[in-house]
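Since the structure comes first, as structure tokens, the remarks are kept for the end.
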Amino acid sequence: MLTFVGLGLYDERSITVEGREALRAADRAFAEFYTSKLVGATVEELESHHDVDIEVRDRAGVEQDPDPILDAAEAGDAVFLTAGDTMVSTTHVDLRLRAHERDIDTRVIHGVTAQSAASGLTGLQNYRFGKATTLPFEYAHGAEGVPDSVVETIRANRERGLHTLVYLDIKAEREEYMTADVAAEQFAAEFGDDLGVVVARAGSPDPLVAADRIDALAQRSFGDPLHLLVIPGDLHHIEADALAALGDAPPELLDPV
């Protein structure tokens, strides 16, 4: 059996009860933290809290050489851990399909995701979000500024009145995390006068929500990672009220439909 377990958003306690039970009952535990990570806990703290040994795999060890994971799942019960949810944004459908090709049973135990937290913390309604996108570091895509594909995604969503969740690039192996002010500075050329919403440290004891003009967000500091940026589309009046109350949005930027 191969069980995919989402660890949630922040630390060793963010996992669900069902996920915790599966982890502690497993014969082998594997994890990847190259797509995201729990900034509130180290691997050692995860191991100590759950009384398990965790083998951390890099990208090649998951995508190119998954046989050790699959062999363990074929021989007994193995769990595969990621931050957030293993099948949302950080998706490992390929690994699950490889298991099915070998007639290995699989199951998924979901974790809290940044997507749901962004909606819950800001008051923006989940069904009013369009396609999400990721803003990469400039050096990662080989050019200055925001990639055209990211701008096009935001504009396409806004044409439909939908919000855009922008994931900010991380390089977990180097502990390098794009911050919301850096992202806002990049977006300012295209959307500087528009409303943006920062979500910082979702799932932690001290999450932060800040709503302002994007060029104003570029001048602020939002503390420790991880950060997200939301560029709203049309606002329902309840959403406008939520951004004013929860994110201190300037009234002149709120124009509910």
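Every residue gets a Cβ built from N, Cα and C, even glycine.
Copied over from TrEMBL, here are the features:
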| type | residues | note |
| --- | --- | --- |
| BINDING | LEU9, ASP85, VAL88, THR113, ALA114, LEU168, ALA202, HIS227 | S-adenosyl-L-methionine binding site |
| DOMAIN | 1-216 | domain 'Tetrapyrrole methylase' |
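Overlay of TrEMBL feature records on the structure.
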| residue | record | DSSP class |
| --- | --- | --- |
| LEU9 | S-adenosyl-L-methionine binding site | coil |
| ASP85 | S-adenosyl-L-methionine binding site | coil |
| THR113 | S-adenosyl-L-methionine binding site | coil |
| LEU168 | S-adenosyl-L-methionine binding site | strand |
| ALA202 | S-adenosyl-L-methionine binding site | coil |
| HIS227 | S-adenosyl-L-methionine binding site | strand |
*Between any two of LEU9, ASP85, VAL88, THR113, ALA114, LEU168, ALA202, HIS227, the residues recorded as binding S-adenosyl-L-methionine, what is the biggest Cα to Cα distance in Å?*
17
_Under 8 Å between C-beta atoms and at least six apart in sequence, can you list the same-chain neighbours of LEU168 (S-adenosyl-L-methionine binding site), or say none if there are none?_
THR134, LEU135, TYR177, MET178, THR179, ALA180, ALA183, LEU226, HIS227, LEU228, LEU229
*Taking all residues of the domain 'Tetrapyrrole methylase' (1-216) together, what is their mean pLDDT?*
94
*Provide the number of Cβ atoms within 10 Å of the Cβ of ASP85 (S-adenosyl-L-methionine binding site), excluding the reference atom itself.*
24
*What is the number of other Cβ atoms found within 10 Å of the Cβ of HIS227 (S-adenosyl-L-methionine binding site)?*
25
*Cβ neighbour count (within 10 Å, all chains shown) around VAL88 (S-adenosyl-L-methionine binding site)*: 17
